[in-house]
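According to TrEMBL, the compositional bias 'Basic and acidic residues' annotation covers 77-92, 156-166. According to TrEMBL, the feature compositional bias 'Basic residues' maps to 113-122. Annotation comment: TrEMBL describes 123-138 as compositional bias 'Polar residues'. If you look up TrEMBL, you'll see 165-258 marked as domain 'TonB C-terminal'. Positions annotated as region 'Disordered' by TrEMBL: 72-166. Taken from TrEMBL, the feature transmembrane segment applies to 13-33.
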């Protein structure tokens, strides 16, 4: 009785299962049919053949050189080739060979061949390359111009020498009249005071003043006092005077060892 009741339920499940299989099979067949139609349309792309061509090179044109330079280069290359051939030749040893020393006779023709006049080569190179000649001539002109010295001013040199000589005599003259202040000596004070003064043709001081202080009042005062005490000074030479006067700046040094 129970089997009869469950029979319709089992039939129902089996029918659903069969329908599902048929549906999936139909979908699968449809997919295969569609794929078979699309696949022939996708034909492979045609192959492209590539062929590499040989590189075309332009013929090299030889450089044209001047006659003189071409001859020199050819001579140099021939000498190099001869030396290389001599070095590459195998040297065979022969124990029975005898060595003979022969002295070549000096001929006048041989001496003429050895001595080549270099002037011809220079003329050829100068004709073929005028820019080189101009570039070589420019440094020579600079050297010649640098050798030209500035004009020598003998009057200025004579004036400088006379001025230095006169200032030296004035310093010696002032040192003979210079006195060391007592208070500065007690305190062991030293220094250099710079004074500026103007003298006339007779060596008389027209004006004077302290230019730079020595740092000690008594030393500065003595630097001005010695100028008045030592008058007249040595007469200045005429070549250093300007309008009959000469202005000079002179240091006066005070040392305890003096």
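Residue positions begin at 1 at the first shown residue.
Backbone N, Cα and C atoms are what each Cβ position is placed from, and that goes for glycine too.
Any TrEMBL annotation is an automated prediction that lacks curation.
The average pLDDT the prediction assigns to the domain 'TonB C-terminal' (165-258) is 94. Applying DSSP to the compositional bias 'Basic and acidic residues' (156-166) sorts its residues as follows: 11 helix, 0 strand, 0 coil.
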